[in-house]
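Below is one structure, written out as structure tokens, with a few remarks after it.
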């Protein structure tokens, strides 16, 4: 008994003597599923990341090497800090304005827009206002924002698959030039990837236990076989296989890529951002981006994290501060403005990411590419089959949209669907959020107990008197 007590005390002393940063590191990077699943989940958000980075590089002359290195460091840091597959995604509104509106935003103006957006989120996080907003936003409104974002990703993904895309002109998907059936970026290849991902990943869940039992309460032989097959399929790093297939096809489609590769990163330099750059960046880039970052990059991410990882819902303050700090560092060096996107989290979860180790793997991969290939890696990305990117984006969008399936009443579903519809048709998550919130409050006002108000008591008394006169 004494030996057991001494052993327990020694274990406790060893645990408490472990440095806090080491405990955080081991907890965040502890495997929650197989290593292959974490590797597969690490590429789950590239369907959004690659098209936007490619468009900004080709149109706005963004420094790809700097962006890869800084986003790699962000991935590693957030994986350790949050302990979940927290994504690092481009700020989509800023990117859309930068490459689709004339005149195009310069790199300094893009960076200024990112710094202004980051400053706003950092202020909301440090002052506690973000947590206050997060605490009182109705869940159906959040689900409406998630549904609209998920369906928007899915619609864009279908267009990536069906039509040819030219990211040197815009990040939008308005082309009607149909994609050919055959070829290394044809419809048949994209559909084959879709079928492969459905067959290996199913509905995106991971079966850790048998779903049913025999009539006697025991597992039947057939059920054992089915469960074994599902476990084997779930262990296949499907998204990673599809991504590497796309990389191989890059070199097959354009063998001259090999001659254009130059090794080594570009040299870091601090951007010269003028007051006019801040003015243009704030008005054209930050103003449409701030509502989207608050709703999708903080509030929707925190809600989705709580859904996917019960008991580990992220702090809105921590996520908001994280976005602010990342961009206050990287944007000054010309890195792409980034945030945490709910779609990226859904994509990484969909393909097997369950811990911070997933995004750490992604960060290490980006860091290697940025240091080894530098800006010449844009030649590889420009030849990547867009249909395959559409396939990855499709599953990420569907996973995000499925977060809205927990609406348990017609009233909640009504609010969610109106919010989503306004967000998608109005092309503004902020407009959908406002309409959804007003609708939610109106529905609650109908059910409000007004008996405590003086006018209500007077009305009730008058009604009683009238009834007395009519029925003495």
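Glycine is treated like the rest: Cβ placed from N, Cα and C.
Note that TrEMBL annotation is computational and uncurated.
Quick caveat, the model's predicted, so the values are computed rather than measured.
Of all ranges given (351-374, 447-470), TrEMBL attaches the label transmembrane segment to 351-374. Looking at the stretches 28-46, 47-65, 66-84, 85-103, the one that TrEMBL records under the feature transmembrane segment is 66-84. The recorded stretches the transmembrane segment (66-84) and the transmembrane segment (181-199) do not share 3+ CB pairs below 8 A when only pairs 6 or more apart in sequence are counted, and are therefore not in contact. The transmembrane segment (380-402) shares the most Cβ pairs under 8 Å with 181-199, out of the stretches 110-134, 181-199, 351-374, 414-443. If you look at the transmembrane segment (351-374), the same-chain residues 6 or more away from its ends with a CB under 8 A from one of its CBs are 28-34, 36-44, 64-69, 71-76, 78-88, 201, 206, 234, 237-240, 261-266, 309, 380, 395.
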